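Student: This is the structure I want to talk about, given as structure tokens.
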Ligand SMILES: CCCCCCCC/C=C\CCCCCCCC(=O)NCC(=O)O
């Protein structure tokens, strides 16, 4: 009788799994067909951009291609360069950058028409050119752009074009900028690599086996491979700063309070306390400054979205020569960065001291706990929303580790955590990061609010204007590492949790000596081992540092980034 019951149970279970499996297989076939269709659409958009760029004579293209941001901007303003020539040049540049990096999702065909319309308007001598007149700009794929998909790497979200531009895109268009290309992201956005089943994997321009970072990895790859002068990324845990640090570019995530989030679809909707924001990415801090100075010149954003406080660009703070007190740390007490990332901070510290600033040791309190709060609050529902979406999709193999973690029921995670803690305390610490209940989640929200107050108190009491620290724990990693090494986001996630402005600027490159020093680096747990292994073979790779300031102090953050950049490059 018992045997019969057991066999019946097995048969029911088997039938259930067979049904689940065959439905999923059928769905995978359907999804693959959609991917093929989308890739054909992308190939067609590349062909369009190529044909358009070929309409421009080589001499003009090479002349425009060699221009820096301000030169191109001035040329467009003075009428020496037409908008259509600028767009066609950047179509061509993005095509070659894309061949190297696979950073482009779609070329924006309408860019041609928008450029021609602006050129037509400019024929009228009375016409007042807007400040970003004719400037080609790249957009991270998830930035709402009318007529284009914001898939965030999910096949199920393809062929669902957005009906209305987001507030930022509306503003860019009004100011004369021309979005000409959408750039790649990791599936779900919640990773710092850059791969998805729709558009594939984006590579680091210096090494195909490494990631250009994420989630704004399409932007960083395109910009560093010279396919864009200025792009818009987004950041909820490092997605602007890590790709910039990996590729030697520079970008800033303003506090989320300074941009509109109307119509923006983040990685996890309904996430109240870990704030994501758009921000500029480019090769020069001054390009980012010019962009923010322009979009914050007036209260237009607030007029479109009453939730954005009417705070305009503070030129006085950016241009100020007041000497600052800057807290710095090379190690947050949770994840000791590889030696080269520590060296970068010390070099930036020296540059700032040479400029007359006072640098004092300052480590934010209890970072291991902060990272747990960050992970709990960034996922909100322990990964349920994302798991559901992923199970209804083709899952990118580079995201497998993270997906598996989200799939393990939280009570089992807790049980495993209690055992693993004994052998690997750091792993154990994060294995109970996901929430088990709304009570726990509410408590975490309360803890985050308390932490914000505590940090505000510390900074005010110690009169600290800004913080300087590593962006992350290593140089650009192999594609597969970020989904295993989410523990390395402690340096960036903390500033989303605090909702500070935070930017990344290049300071140095990995040297032979750094590789030698790496051999003495920790290996005490799998995360350290992964960071160490992934850092081998990176001589010549760029290393950035991070500058962070409280909300509404973006201008001070940019000022410090610019001073570091000047100290490093001499210009
Ligand atoms: C058993 C352990 C359970 C822990 C599972 C945690 C899985 C990892 C979850 C989150 C990793 C967060 C990484 C954040 C990277 C930065 C992403 C970013 O800024 N994205 C932008 C956006 O989402 O808009």
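Glycine too: its Cβ is placed from the backbone N, Cα and C atoms.
No curator has checked TrEMBL annotations; they are predicted automatically.
Taken from TrEMBL, the feature domain 'Amidase' covers 85-558. For 140, 215, the entry in TrEMBL reads active site, charge relay system. Residues or ranges marked as substrate binding site in TrEMBL: 189, 215, 236, 237, 238, 239. Feature annotation from TrEMBL assigns active site, acyl-ester intermediate to 239.
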Student: For the domain 'Amidase' (85-558), what's the mean pLDDT in this predicted model?
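Tutor: Average per-residue pLDDT within the domain 'Amidase' (85-558): 97.
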Student: Which residues does residue 238 (substrate binding site) neighbour through Cβ under 8 Å, counting only same-chain ones at least six apart?
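Tutor: Once residues fewer than 6 apart are set aside, residue 238 (substrate binding site) is near 192, 471, 472, 489, 491, 492, 493, 496.
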Student: Hey, what's the Cβ neighbour count for residue 236 (substrate binding site) at 10 Å?
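Tutor: I get 25 for this one.
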Student: Return only the integer: C-alpha distance in Å from residue 237 (substrate binding site) to residue 140 (active site, charge relay system).
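Tutor: If we compare the Cα positions of residue 237 (substrate binding site) and residue 140 (active site, charge relay system), the gap is 16 Å.
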Student: Of all the Cα pairs drawn from 189, 215, 236, 237, 238, 239, the residues the record ties to substrate, which distance is largest, in Å?
Tutor: 11
Student: Just the recorded positions from 140, 215, 239 whose C-beta lies under 6 Å from any atom of ligand 1, please, or none if there are none.
Tutor: 215, 239
Student: Could you round the CA separation between residue 236 (substrate binding site) and residue 140 (active site, charge relay system) to a whole angstrom and send it over?
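Tutor: Residue 236 (substrate binding site) to residue 140 (active site, charge relay system), Cα-Cα distance: 14 Å.
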Student: For residue 215 (substrate binding site), just count the other CB atoms lying within 10 A of its CB, please.
Tutor: 36
Student: Given residue 239 (substrate binding site) and residue 140 (active site, charge relay system), what distance in Å do their CA atoms have, once rounded to a whole number?
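Tutor: On Cα coordinates alone, these residues lie 11 Å apart.
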Student: Rounded to the nearest Å, what's the C-alpha distance separating residue 140 (active site, charge relay system) and residue 215 (substrate binding site)? Just drop the number here, would you?
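Tutor: Cα to Cα, residue 140 (active site, charge relay system) and residue 215 (substrate binding site) are separated by 9 Å.
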Student: For the recorded substrate site formed by 189, 215, 236, 237, 238, 239, which further same-chain residues have Cβ atoms within 8 Å of the site's Cβ center?
Tutor: 190, 191, 192, 214, 216, 234, 235, 240, 242, 267, 276
